[in-house]
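Enquirer: Dumping what TrEMBL says about this protein:
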BINDING   G127, A129, V130, N134, S361, N393, L474, D477, S478  Na(+) binding site
REGION    1-21  region 'Disordered'
TRANSMEM  121-140  transmembrane segment
TRANSMEM  152-172  transmembrane segment
TRANSMEM  193-221  transmembrane segment
TRANSMEM  276-293  transmembrane segment
TRANSMEM  305-325  transmembrane segment
TRANSMEM  354-375  transmembrane segment
TRANSMEM  387-408  transmembrane segment
TRANSMEM  462-483  transmembrane segment
TRANSMEM  504-528  transmembrane segment
TRANSMEM  534-557  transmembrane segment
TRANSMEM  578-601  transmembrane segment
TRANSMEM  621-645  transmembrane segment
Amino acid sequence: MANTAHLFRRQSSRDLNGSHRDYTKTLDELELKRLKEKLVRAESLGGRTLYGATNQAFISDDVLTSRHHNKPPSLLDIFEDPQPSISAPLQPPVEPLQDDNIIADEAQGDERESWDSKMTFILATIGYAVGLGNVWRFPYLAQKNGGGAFLVPYWIMLFIQGLPIFFLELAIGQRLRKGAIGVWNEVSPYLGGIGISSAIVSFIVALYYNTIIGWCLIYLFHSFENPLPWSECPVHLNPNMTYYYEKECNDSSPTQYYWYRSTLMSSPSVNEPEQFNFPIGIALIVAWTLIYLCMVQGITESGKVVYITAIFPYVVLIIFFFRGITLKGATDGIAHLFTPKWEILLDPVVWLEAGTQVFFSLGLAFGGLIAFSSYNPANNNCFRDALLVSFTNCGTSMFAGVVVFSIIGFKATAAYDACVERNDTKNEKCDLQAELSNSASGTGLAFIIFTEAINQFPGKQLWAVLFFLMLFTLGIDSQFGTLEGVISSLVDMKLFPNLPKEKITLILCVSCGALSITFANGAGSYIFQLMDSFAGSYTLLIIAFFECVGVSYVYGLRRFADDIELMTGSRPHIYWMLCWKYISPIAMLTILIASIYNLLVNGSSYPVWNPELGITEDKEWPHWCIFLACCLIGVSVLWIPVVALGRLFGIVIVEDSDPAWFPTAELRDVNGIVPHDPTEFEQAIFCFQPDGSEGMCCPTFISNPEEVLQEDE
């Protein structure tokens with residue numbers, strides 16, 4: 001400081017106008033440097049390094065000056081007299097007080113957890129987005145819908161639907177700094193139901209999604225056995241002391257028999273649950289216990305778990321990639337994946353399934369992304385994060401597709417060679433393409449096809465452990481994000497104001513564990529398919545549609561663009577604004593209508609295991625299942641109109657809360673933000689008005705518009 005003062009005294013002996021200009025420039029540089037350091041430095045609060053909202057570096061000077069009277073002079077105060085006298089030389093600004101205890105006390109008023117580093121956030125978000133669907137659902141849909149031709153609608157849907165909504169959720173969560181319920185209630189009290197719907201959908205999906213983790217634990221436990229239990233059919237002893245193999249297993253295969261009969265204990269239909277499945281029941285309890293232990297410390301501690309759960313699957317996929325491409329027939333499988341059947345693009349179902357795959361693989365509308373981003377610093381570049389995570393997710397899907405189809409090619413080639421050998425004594429028609437086309441199917445892709453391929457590997461126990469440990473980590477980090485959307489919403493709603501977050505997490509996991517016992521019976525896998533087909537699809541489309549409407553027509557697209565410019569330093573491209581206001585809502589509405597139409601016309605069915613024939617057969621859902629599906633959809637999305645109607649009649653369902661602190665002035669100064677004048681194109685397309693209003697934009701129900709006017713000034 002002494003050197004700086006000496007510099008100012010030396011400048012004051014020069015020409016007055018020149019010194020004034022030099023001093024102004026020096027002050028601006030110092031002030032800018034101070035603000036940048038304030039926005040990026042990592043301080044210690046309570047002995048713990050924080051990265052986001054409660055970081056001391058993000059406590060505004062306004063907090064200090066409102067309760068303490070040591071306010072430093074601003075640039076406006078210093079230069080209020082444009083002609084300073086020589087007898088009163090200019091003095092450098094006084095540094096603001098940085099009392100750690102004072103700032104820490106102020107931070108405790110609205111404390112919110114923070115990521116301990118940017119890398120933790122990125123890995124947690126990638127782990128949330130990259131899940132089990134990348135490993136089996138994408139390869140299955142690609143094989144089913146024209147191979148390489150499927151990639152065309154897949155990437156188109158990514159750019160008009162996936163990326164824009166992913167960017168929107170990260171940005172709105174980071175700006176308003178709350179969970180899904182708090183965010184949408186702050187956008188408008190009439191839209192608070194969007195957050196409740198997201199929380200309920202997240203709860204339902206987490207409930208049945210954990211069943212897959214339980215299945216993975218069962219297979220992982222048995223992967224240490226020698227021989228592997230799915231490597232050969234069970235052997236029975238006849239009364240005459242001779243042995244015979246299980247007929248049902250011989251009619252199908254050891255892997256299919258172990259999956260449907262030993263693991264799932266599949267019943268003849270969803271109406272016949274039959275016996276209780278103790279292994280799955282125990283696995284579900286263990287899975288929920290592990291999830292609770294990982295989440296109980298909150299993101300600042302359990303976030304470190306993602307370094308393992310997000311990275312390990314890529315290590316295993318790379319190992320399987322190099323192993324897979326060296327197998328006989330791997331090139332045939334990969335060629336089958338990428339060989340396009342262009343005529344299939346004329347089928348609207350292909351576009352429908354491409355859109356839903358992009359939508360659900362990115363984890364949109366669950367509230368998890370909003371909760372994750374709310375723990376970020378105010379100046380985090382959410383646009384860069386959206387691009388990084390989205391392209392990582394889609395790249396993982398394609399890479400997993402190559403790995404899967406290299407193994408499918410190996411399996412199909414082995415079956416084809418066996419057919420050729422048998423053809424010496426039997427008149428069989430051997431077709432490699434038919435073997436490739438019939439190799440992929442839903443969950444069976446992981447628990448049947450992969451296990452069948454692993455049976456052919458040397459050191460099969462090692463490969464089995466690696467594969468199912470990979471599936472477990474893929475599932476558990478996606479579960480973190482899904483449950484975080486529920487927990488953050490419960491905290492923001494203050495439904496349990498006297499309970500700490502750790503106890504809320506315990507209550508949630510215990511209740512989910514008790515309800516998940518529903519899947520531990522012979523019909524459990526059918527209930528799983530019912531919830532996955534209805535509760536995890538239509539509801540998310542409806543929620544995401546209202547999210548776009550809420551941001552573009554209620555919060556205000558221009559206001560949202562201004563917020564992003566404050567946080568990232570650059571205004572969002574006109575393309576993203578077009579997607580938020582027009583393209584994405586239209587695409588989601590089209591997919592939703594097409595899905596409902598296809599359901600009404602073609603109906604819906606589920607695969608049932610036929611033990612007599614050793615195959616799966618499709619059966620129509622009974623009426624009670626359709627009613628249950630409608631209830632699951634209704635209990636989720638009806639909160640959107642219920643909350644709005646309640647507000648209209650004076651019934652408050654979601655309590656209002658004070659806006660979270662946001663360093664608007666600091667970000668504006670650091671990034672050099674100036675008011676944006678709408679272009680002629682923006683005025684024509686988005687109805688932006690020169691006076692700052694926005695056409696086709698509902699009122700945002702701001703309680704104190706004078707504060708907003710003062711902030712803008």
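Residue numbers in this text run from 1 along the chain shown.
From the backbone N, Cα and C atoms, a Cβ is placed for every residue, glycine too.
Those TrEMBL annotations? Automatic predictions, nothing curated.
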Enquirer: Select the range from 121-140, 193-221, 276-293, 504-528, 621-645 that forms the most Cβ-Cβ pairs under 8 Å with the transmembrane segment (354-375).
Expert: 121-140
Enquirer: Radius 10 Å, atoms counted are CB only; among the binding-site residues S361, S478, which position scores highest?
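Expert: Within the set of binding-site residues, the most crowded position is S478.
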Enquirer: At least three Cβ pairs under 8 Å linking the transmembrane segment (193-221) and the transmembrane segment (152-172), pairs spaced 6 or more in sequence?
Expert: no
Enquirer: Ranking 276-293, 462-483, 504-528, 534-557 by Cβ pairs under 8 Å to the transmembrane segment (121-140), which is first?
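Expert: The stretch with the most contacts is 462-483.
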Enquirer: With an 8 Å cut-off on Cβ pairs and a sequence gap of 6 or more, do the transmembrane segment (534-557) and the transmembrane segment (305-325) reach 3 or more such pairs?
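Expert: They do not touch: fewer than three Cβ pairs between the two stretches lie under 8 Å.
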Enquirer: So, does the transmembrane segment (276-293) come close enough to the transmembrane segment (462-483) to give 3+ Cβ pairs below 8 Å, pairs being at least 6 apart in sequence?
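Expert: Counting Cβ pairs under 8 Å (6 or more apart in sequence), the transmembrane segment (462-483) reaches the transmembrane segment (276-293), since there are 3 or more.
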Enquirer: Within the same chain, where does the transmembrane segment (504-528) have neighbours whose Cβ lies under 8 angstroms from its own Cβ atoms, ignoring anything closer than 6 residues to its ends? I mean 6 or more beyond.
Expert: 203, 206-208, 210-211, 214, 264-267, 269-278, 280-281, 284-285, 288-289, 291-292, 295-296, 483, 486-487, 490-491, 496, 606, 608
Enquirer: Report the residues of the chain - excluding G127, A129, V130, N134, S361, N393, L474, D477, S478 - with C-beta within 8 Å of the mean position of the site's C-beta atoms, for the recorded Na(+) site, in sequence order.
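Expert: What remains near the Cβ centre is I126, Y128, G131, L132, G133, G363, T396.
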Enquirer: Taking the Cβ of L474 (Na(+) binding site) as the centre, count every other Cβ atom within 10 Å, in any protein chain shown.
Expert: 28
Enquirer: State the count of C-beta atoms found within 10 angstroms of the C-beta of G127 (Na(+) binding site), not counting that atom itself.
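Expert: G127 (Na(+) binding site) is surrounded by 27 other Cβ atoms within 10 Å.
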